[in-house]
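What Swiss-Prot says about this protein:
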- 18-53: domain 'EF-hand 1' (DOMAIN)
- Asp31, Asn33, Asn35, Lys37, Glu42: Ca(2+) 1 binding site (BINDING)
- 47-57: region 'May interact with the chromophore' (REGION)
- 54-108: domain 'EF-hand 2' (DOMAIN)
- 62-72: region 'May interact with the chromophore' (REGION)
- 107-117: region 'May interact with the chromophore' (REGION)
- 117-146: domain 'EF-hand 3' (DOMAIN)
- Asp124, Asp126, Asn128, Glu135: Ca(2+) 2 binding site (BINDING)
- 147-182: domain 'EF-hand 4' (DOMAIN)
- Asp160, Asp162, Ser164, Gln166, Glu171: Ca(2+) 3 binding site (BINDING)
- Pro196: site 'Required for bioluminescence' (SITE)
Amino acid sequence: MTSKQYSVKLTSDFDNPRWIGRHKHMFNFLDVNHNGKISLDEMVYKASDIVINNLGATPEQAKRHKDAVEAFFGGAGMKYGVETDWPAYIEGWKKLATDELEKYAKNEPTLIRIWGDALFDIVDKDQNGAITLDEWKAYTKAAGIIQSSEDCEETFRVCDIDESGQLDVDEMTRQHLGFWYTMDPACEKLYGGAVP
């Protein structure tokens, strides 16, 4: 991950209205019961149970993925049985992003990479170490966040840093880190028009 093509903007932009809007959009998307609060229970249900069950993960893959989701959102301060409102959620994201960027700068494993490894293992159906556009489309359909084929293809294009026509976990980690943590311009349109 030290290659120049995988370098990422390492400074946060927490006051950027677009960064805040991006996270507010996801907060609302992940608020399964629409009560204005979310909990780790909802995150695991949405990010793990629904998605992974729709992708045919093995029990081992499902457990690994669930553990990664728990650790990731736990890093943002979320807990089972505890509802988090928007102000606490965004503050948790700031802490998570700061911690993750420090790890990334030191070439240490990040929670987003650990989650990416777990998800990649499930999405990469032929286990060749790369995700094809068809595999990506199957995942985005199961996740429900990207609805249009155009947005799915745009996401794939943005993540395909080396322009190989396939995605590897390093590319995915780099682009998601830049999109969710720092507003890196190279990551714009990561979700097409599905996420601001």
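In case you wondered, yes, glycine gets a Cβ from its N, Cα and C as well.
Given the structure is predicted, the values throughout are model-derived calculations rather than measurements.
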Spatial neighbour of Asn35 (Ca(2+) 1 binding site) that is closest, considering only the recorded positions Asn128, Glu135, Asp162, Gln166, Pro196 and their CA atoms: Pro196
Integer Å distance between the CA atoms belonging to Pro196 (site 'Required for bioluminescence') and Asp160 (Ca(2+) 3 binding site): 20
Mean per-residue pLDDT computed across the domain 'EF-hand 3' (117-146): 90
Residue numbers, six or more beyond the limits of the domain 'EF-hand 4' (147-182), whose CB comes under 8 Å of its CB atoms: 1, 5-6, 8-13, 22-23, 93, 97, 100-101, 104, 110, 112-113, 116-117, 120, 129-133, 136-137, 140, 188-194
Pairwise CA distance, Gln166 (Ca(2+) 3 binding site) versus Glu135 (Ca(2+) 2 binding site), rounded so that it is a whole Å: 10
Spatial neighbours, same chain, of Asp126 (Ca(2+) 2 binding site) - Cβ under 8 Å, 6+ residues apart: Glu135
By Cα-Cα distance, the member of recorded positions Asn128, Asp162, Glu171, Pro196 nearest Asp31 (Ca(2+) 1 binding site): Pro196
Chain-internal residues, separated by at least six, CB under 8 A from Lys37 (Ca(2+) 1 binding site): Asp31, Glu83, Thr84, Asp85
Other C-beta atoms that fall within 10 angstroms of the C-beta of Asp31 (Ca(2+) 1 binding site): 18
Neighbour count (Cβ, 10 Å) for Asp160 (Ca(2+) 3 binding site): 19
Secondary structure tally of the region 'May interact with the chromophore' (62-72) (DSSP, helix then strand then coil): 11 helix, 0 strand, 0 coil
Alpha-carbon spacing, Glu42 (Ca(2+) 1 binding site) to Asp124 (Ca(2+) 2 binding site), which is rounded to whole Å: 25
Local backbone state of Ser164 (Ca(2+) 3 binding site), from DSSP in three classes: coil
